[in-house]
Amino acid sequence: MAAKAFPPFECSYRGSLLAGVDEVGRGPLIGAVVTAAVILDPARPIPGLADSKKLTEKKRLRLYDDILENAAAWSLGRCEASEIDELNIYQATMLAMKRAVEGLSIAPEYVLVDGNRCPKWQWPSEPVIKGDSRVEAISAASILAKVTRDREMEALDVRFPGFGLAQHKGYPTPVHLEALNRLGVTPEHRRSFRPVKMALDAVGVYGGSSAPVQELNYPADLFENID
């Protein structure tokens, strides 16, 4: 069945200080969820922006450099595995998005977020279904977030050989699940995720040691307003 086609997005905000926000890494079993916020410069257009998942790696890397060079402002946000375990992945994603927008060197007047919900924050905003293919600023954010997280997975692959992280980027593929149940759970795995929790019970920790569990406390009003 063909994917549902969405019409071009029409935003009520017509100014130039529009930030697009997207995330990468909600589904993986390991590592941070990474977000990005981008304000594009109308005077320096970036041809070829599209959903990062639909681009070849070569084109994605070229656009990554173009965005860093030509965007009016950009910022990355993140929540680590320990924060994901404390908050849950959905709330952690909201917090990581908030961190990305807070990090922009130019304050946005309006924010568009990929998906169907926005975090609770001070900026006027709205969610955009399939925004990474309908809004250029969100497309740019998706590219920055994906390239950043992919590189982090390649670095973790060096730290923790045998899991195949450079290939599957931490997603629960058969290769990853087999390695998890053979090698054990690393300090970067998300212990609140069921396959990781099961491997921890069955096999234990990778290398026989684990990082200390950090106590984390967050006010509830950081997160999405669902009223």
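Here the Cβ of each residue, glycine as well, is placed from N, Cα and C on the backbone.
Per Swiss-Prot, the features are:
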DOMAIN    16-205  domain 'RNase H type-2'
BINDING   D22, E23, D114  divalent metal cation binding site
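Ranked by how many other Cβ atoms sit within 10 Å of their Cβ, the binding-site residues D22, E23, D114 place D114 at the bottom.
In sequence order, V21, V24, T35, A36, M97, V113, G115, G131, D132, I138, A141, S142, A145 are the same-chain residues whose CB sits within 8 A of the CB centroid of D22, E23, D114, the residues recorded for divalent metal cation being left out.
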